[in-house]
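Undergrad: Have a look at the structure that comes next, please.
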Amino acid sequence: MIKVSDVCFSYTNNMDQLVLKNINVVFEKGKYYAILGHNGSGKSTFSKILSGIFKPQKGSIEVDGVLLNKENLTKIRKKIGIIFQNPDNQFVGATVEDDIAFSLENINEDPKKMSQIIANLAAKVQMESYLDREPQFLSGGQKQKVAIASVLALNPEIIIFDEITSMLDPRGKYDVVKILDDLRKDKTKTLISITHNMNEAILADEIIVFANGGIIAQGDPKLILNDKNIIEKAKIDSPFIYKISSALKLVSPTYDENELLEQLWKLKQKTS
């Protein structure tokens, strides 16, 4: 579990120029959280604070009851894996196989087990046919798959995904979101995704909405993303299924919008 209490952050150390203002939130073990917000809302800064890259000027973060500070940073970082928007700087191996192996070596995995673990992880992200390829020559979606496999090899309790689909083409986005959903169903890790991708966000157990450095909403995706006031205040786009629902309401004011929305929601979950 991650507990964030009254966190404030400023890039200038000026408390009158806060990027994050009094953030309070709890991330429960085994849940999938999507963090939404407009550019400059503070969500990406928040992800870097969670991973220990930035230190807040005020407030505290606890991971499984251990305070995130200088003394505990190394211990806590072993529990956290992070995947960035551009994974190129995360690759350390000459091949996909080497990159995954490097993560296993970091956790002192038994060398006799490594080949099978690498094969299993590559299959999990649909990259088993690319183990001998150089990561830098892969497509954007393939690179993100390798980054996910390498982080999974570290076996962290918490994984932070920082805008990992924002630079991908539609096929790449679909593949990566499918992997995230498989991880969500597994429920063994806490997943925190900073995203603009609504197809990704609607699969979360909870959505947290940032605006102007603060949290303005948190809860069930169906309720949050169908609230026009929240959507407008956060300056984010409505998911496609809600746009369909709203359009049909204009065509036929008598139809039951909530019933159709529920049907669309179930269809989305079945096809994801």
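The backbone N, Cα and C atoms fix where each Cβ goes, glycine too.
According to Swiss-Prot, the protein has these features:
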| type | residues | note |
| --- | --- | --- |
| DOMAIN | 2-237 | domain 'ABC transporter' |
| BINDING | GLY37, HIS38, ASN39, GLY40, SER41, GLY42, LYS43, SER44 | ATP binding site |
Undergrad: For LYS43 (ATP binding site), what is the secondary structure by DSSP, using just helix, strand and coil?
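TA: Once the DSSP labels are grouped into three classes, LYS43 (ATP binding site) ends up as helix.
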Undergrad: Sequence gap of 6 or more, Cβ distance under 8 Å: name the residues on the same chain that satisfy this around GLY42 (ATP binding site), in order along the sequence.
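TA: Counting only residues 6 or more apart in sequence, the Cβ neighbours of GLY42 (ATP binding site) under 8 Å are PHE9, VAL19, LEU20, PHE210, ASN212, GLY213, GLY214.
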Undergrad: For the binding-site residues listed here (GLY37, GLY40), which one has the lowest count of neighbouring CB atoms within 10 Å of its own CB?
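TA: Among the binding-site residues GLY37, GLY40, the sparsest Cβ neighbourhood within 10 Å belongs to GLY40.
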Undergrad: Going by DSSP, give the three-state secondary structure for HIS38 (ATP binding site).
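TA: Once the DSSP labels are grouped into three classes, HIS38 (ATP binding site) ends up as coil.
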Undergrad: Report the member of SER41, SER44 (the binding-site residues) whose C-beta atom has the most other C-beta atoms within 10 angstroms.
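TA: By the 10 Å Cβ neighbour count, SER41 comes out on top.
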Undergrad: Would you mind checking how many other C-beta atoms are within 10 angstroms of the C-beta on HIS38 (ATP binding site)?
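TA: Excluding its own Cβ, the number within 10 Å is 16.
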Undergrad: With a radius of 8 angstroms around the mean position of the C-beta atoms of GLY37, HIS38, ASN39, GLY40, SER41, GLY42, LYS43, SER44, what other residues of the same chain does the ATP site pick up?
TA: THR45, PHE210, ALA211
Undergrad: Determine the Cβ neighbour count for ASN39 (ATP binding site): the number of other Cβ atoms within 10 Å of its Cβ.
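TA: If we count other Cβ atoms within 10 Å of ASN39 (ATP binding site), we arrive at 8.
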Undergrad: Any idea what the model's mean pLDDT is for the domain 'ABC transporter' (2-237)?
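TA: Mean model confidence (pLDDT) across the domain 'ABC transporter' (2-237) is 90.
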Undergrad: Is it possible to get the count of other C-beta atoms within 10 angstroms of the C-beta of LYS43 (ATP binding site)?
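TA: Other Cβ atoms within 10 Å of LYS43 (ATP binding site): 24.
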